[in-house]
Ligand SMILES: *Cc1c(COP(=O)(O)O)cnc(C)c1O
């Protein structure tokens, strides 16, 4: 081996040793605590992205640390030739939280893998046509990519597993027109995450349920980003704050996929199939070495138990409402969307990259999924004090990003803090 690269920066070593799939990393991070992380220079950041909606309990939560270390010290991995208690308990918890009767769970290691399981499950209907939506993101494996809309992600990898029709998101009539008796499934995000937190019109999922039922197709909801408390309810499709019709007439899907927040940072995904759909994948139809691993499922249980015991659904609803109101108060924000702690907003000018950059410089991690849109998906444990610190900084971040004041005569921020 040549000299270990002690003298080169970790950023340079990263560039020399990791595939350039993500572009240069913005920072080197060394540790975290709650909703905060620190970089290699000791600078602290309020983490309002949570590892892309993953760190539901924040960083270093004692319940998660204890669950993972205790399980690893007891039994770390066994393969799916064997069963373990955390695996079975987590499956039971997910089915109970869905509140839609019996079903079956397949555990995977990521969101894309949960969706691959669901994709294969739909093929067992004997049909191959799928309907997905414009703006949808379902992951980067070949199957999940076939359902992901963005051309830049798809084109270099075609041909993708086929027969997918894309329809405009939120348009029930377009969906009804695309579904036929040959359609295996319709796949929808209850709120589109990567598109910048796009909430469909009320009754959209219910209409999709009617359409799929009429044609004997499955309704598959991708809750990988929206599930596990992210919107202030266990699942967005049952959250009246996302769709008021869910209060009296919640949609019962055939398949729900989850991942991101479920492990609180430990990689895990799950494909949950309800009712008869739970029996579509049989022996030999699918498999995984790691999926349902005791450490990952113990992590999932710790996340669910902590959200439940600490009242984090209500907390996320409350802190999220406060954030949305505060963000909307600046006239350079034209729209704020979302529920709980999944928040998207539109800027009046396409300067979201500059705003994200200014936020980082000021010690806040946020995300810019499109040139006009900002997304926040902080830990569900984010405090009101931390939310307020970000709201106080917000106008100055828009200033620093070069967003013109909308009402200069009313401006009070130029010339320094009041
Ligand atoms: C992140 C995401 C995925 C993919 O999950 P990975 O763990 O990155 O494979 C799929 N669907 C949705 C809605 C997501 O937000």
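One is the number of the first residue shown, and numbering goes on along the chain from there.
Backbone N, Cα and C define each Cβ position, glycine as well.
Sequence annotations record features per position, and here TrEMBL assigns pyridoxal 5'-phosphate binding site to 111, 112, 137, 222, 223, 224, 225, 289. What TrEMBL lists as N(2)-acetyl-L-ornithine binding site is 140, 288. Annotation source TrEMBL lists N6-(pyridoxal phosphate)lysine at 260.
On the structure: features taken from TrEMBL.
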| residue | record | Cβ within 10 Å |
| --- | --- | --- |
| 111 | pyridoxal 5'-phosphate binding site | 29 |
| 112 | pyridoxal 5'-phosphate binding site | 22 |
| 137 | pyridoxal 5'-phosphate binding site | 22 |
| 140 | N(2)-acetyl-L-ornithine binding site | 14 |
| 222 | pyridoxal 5'-phosphate binding site | 29 |
| 223 | pyridoxal 5'-phosphate binding site | 32 |
| 224 | pyridoxal 5'-phosphate binding site | 29 |
| 225 | pyridoxal 5'-phosphate binding site | 28 |
| 288 | N(2)-acetyl-L-ornithine binding site | 17 |
| 289 | pyridoxal 5'-phosphate binding site | 9 |
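Annotation note: residue 289 (pyridoxal 5'-phosphate binding site) sits in a coil segment as assigned by DSSP. In three-state terms derived from DSSP, residue 137 (pyridoxal 5'-phosphate binding site) belongs to neither a helical nor a strand segment and is classed as coil. Remark: the residue listed as 'N6-(pyridoxal phosphate)lysine' has 52, 53, 54, 111, 224, 225, 227, 228, 230 as non-local neighbours, by Cβ distance under 8 Å and separation of at least 6 in sequence. Taking CA atoms as the reference points, residue 289 (pyridoxal 5'-phosphate binding site) and residue 140 (N(2)-acetyl-L-ornithine binding site) are 20 Å apart.
Screening the binding-site residues 222, 223, 224, 225, 288 for a C-beta under 6 A from any atom of ligand 1 leaves 222, 224, 225. You'll find the Cα of residue 288 (N(2)-acetyl-L-ornithine binding site) roughly 23 Å from the Cα of residue 137 (pyridoxal 5'-phosphate binding site).
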